[in-house]
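Chemist: This is the structure I want to talk about, given as structure tokens.
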Amino acid sequence: MDILVLVLDLVGTFVFALSGAMLGVRRRLDLFGVLVLAFAAATAGGMTRDVLIGATPVAALSDWRYPAITLAAGLITFVWAPLIERLQQPVRMFDAMGLALFAVVGTQKALDFGIDPPMAAALGMLTGIGGGIARDVLMAQVPLVLRAELYAVAALAGAAVVAIGHWLQWPPAPCAIAGALLCFGLRMMALRFGWQLPVALQSGGEGEPPDAMR
Amino acid sequence: MDILVLVLDLVGTFVFALSGAMLGVRRRLDLFGVLVLAFAAATAGGMTRDVLIGATPVAALSDWRYPAITLAAGLITFVWAPLIERLQQPVRMFDAMGLALFAVVGTQKALDFGIDPPMAAALGMLTGIGGGIARDVLMAQVPLVLRAELYAVAALAGAAVVAIGHWLQWPPAPCAIAGALLCFGLRMMALRFGWQLPVALQSGGEGEPPDAMR
Amino acid sequence: MDILVLVLDLVGTFVFALSGAMLGVRRRLDLFGVLVLAFAAATAGGMTRDVLIGATPVAALSDWRYPAITLAAGLITFVWAPLIERLQQPVRMFDAMGLALFAVVGTQKALDFGIDPPMAAALGMLTGIGGGIARDVLMAQVPLVLRAELYAVAALAGAAVVAIGHWLQWPPAPCAIAGALLCFGLRMMALRFGWQLPVALQSGGEGEPPDAMR
């Protein structure tokens with residue numbers, strides 16, 4: 001079981017790093033910028049979680065396999081960018097797997113640090129989507145995880161299963177598996193059928209912030 | 001007194017969440033993105049302060065009322081966005097109240113953690129303006145708190161009163177009240193009379209960073 | 001020796017603050033926004049490093065000289081912006097010095113906190129480039145340190161010398177000097193000869209993120 005989690009975690013890191021490196025290539029960063037963006041996309045979620053709960057030094061700094069795999073993903077993307085663009089279908093599936101696993105593992109870690117279940121679920125979601133947010137903010141664009149088909153919602157749903165299970169004192173392993181499957185399933189179905197959350201009605205304005213803060 | 005601070009703190013959280021949700025609606029985020037932006041705007045300032053002084057797990061993760069009230073603000077904005085746009089005047093006033101309170105409470109907390117008065121005042125200001133910065137950075141726009149009428153200055157002025165009072169060993173409660181009133185008053189007057197800080201003369205350039213860093 | 005490090009560290013802080021203030025002036029921020037940007041550029045790298053390794057309260061909050069020197073740099077830039085634009089050559093040299101010193105000092109501090117050498121080198125690099133990243137993200141532009149001539153690479157090279165020296169148990173002082181000289185030399189030569197890292201070939205796309213994350 002632990003081996004499985006480790007493998008999935010590394011796969012998730014690899015695919016998230018891939019997504020960061022890919023954006024770096026498209027925005028014409030040089031080799032080094034691509035690697036930095038890969039690292040940010042793969043680790044920012046977990047690092048933010050660890051910093052917020054006080055689990056320092058953060059985990060991504062204490063296991064050499066994470067930077068190693070991130071570096072590999074960055075180099076592979078740099079060299080074979082056109083190929084990876086064509087592998088969309090499998091990359092999306094691995095990405096959904098990474099999201100599911102990050103959300104579940106992140107929630108569990110927050111619970112282990114004594115965070116209450118509702119906030120632990122929020123932290124699990126953040127673990128899943130934080131990398132994508134950091135990647136897009138560094139490229140000065142609105143984070144797509146805040147718009148994509150049920151991306152953050154799927155992460156929260158999976159995290160909530162783990163948090164509720166913990167609150168009801170159910171055994172953690174089945175809850176983790178159920179949460180990961182729910183997240184993965186939701187995300188894949190949202191991609192398949194183009195599910196979207198509603199957008200609010202509004203009276204005008206064009207990206208201007210509320211006047212209260214101007 | 002403590003009840004009053006709690007109520008004002010929750011009001012501040014509510015109004016800051018409102019400002020985040022409003023920007024999310026204007027930028028056409030879906031329901032979930034709106035909620036995430038509301039949460040960022042309401043809590044990023046306090047979370048950053050707590051992380052920098054080492055007060056982890058950060059406070060926003062340990063009290064369910066903050067996420068609950070943020071969620072409420074996000075949902076209300078999502079449903080009644082056009083209405084809230086029309087309530088500018090009261091929203092601005094509550095926002096100034098929130099700013100004043102966040103600045104004062106943030107300074108006090110930093111002092112309690114042994115930070116020196118000048119830096120504690122800076123952290124108090126950051127508590128007040130951090131949420132607005134996070135909100136705008138997530139939407140890939142230059143933070144308006146860095147440009148708005150004395151917004152950050154008012155926060156710093158209020159925070160400075162608390163820090164100076166602490167340095168002179170005056171009793172904290174009157175200092176906190178005086179600081180909050182100063183911040184609130186400055187901000188309301190700046191809004192009323194359109195006060196602005198000066199902008200530097202410059203020799204040209206158009207948003208380019210200094211060449212030293214290129 | 002310690003006096004030398006302190007002086008160089010303060011010079012580095014001053015020049016980094018200058019670069020932040022300069023960008024603020026060019027983007028027409030008011031006086032206060034300029035000061036905030038100066039502070040972010042000068043301290044964000046070190047603060048992020050301290051937060052990630054758990055060295056809280058972060059160092060920039062516990063020594064009054066750093067905010068004082070940052071304030072001075074911001075005010076000077078605000079008043080004499082056109083002059084400083086013309087002093088490009090010396091500013092670039094001091095900037096490269098600051099980068100070298102921040103990278104070396106950051107790596108050493110991470111090693112002192114028990115971080116493994118490879119990650120300590122990464123943190124040293126982050127100490128050097130973090131300020132520039134924060135400065136540019138706040139102004140909603142893609143960080144130039146991710147594109148500039150060997151900027152991040154030079155920081156990493158200098159940091160790596162310190163980390164490798166620590167791993168081989170060499171005496172720290174000569175390693176620190178060698179690392180700083182390597183970083184400074186690389187950066188100055190890259191500026192002189194226009195060295196750039198390669199950019200990846202790609203099949204199209206225009207700044208769009210990979211579809212896996214949409």
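Including glycine, each Cβ sits where the backbone N, Cα and C put it.
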Chemist: For the record in TrEMBL, which of the ranges C:32-52, C:95-115 is the transmembrane segment one?
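Modeler: Here TrEMBL associates transmembrane segment with the stretch C:32-52.
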Chemist: Between the transmembrane segment (C:6-25) and the transmembrane segment (C:150-170), are there three or more C-beta pairs closer than 8 Å, counting only pairs 6 or more apart along the chain?
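Modeler: The answer is no, given that the two segments have fewer than 3 Cβ pairs within the 8 Å cut-off.
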Chemist: Per-residue pLDDT averaged over the domain 'Glycine transporter' (C:93-165) comes to what?
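Modeler: Its mean pLDDT is 88.
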Chemist: Looking only at the domain 'Glycine transporter' (C:7-81), what are its DSSP counts of helix, strand and coil residues?
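Modeler: For the domain 'Glycine transporter' (C:7-81), the helix, strand and coil counts are 63 helix, 1 strand, 11 coil.
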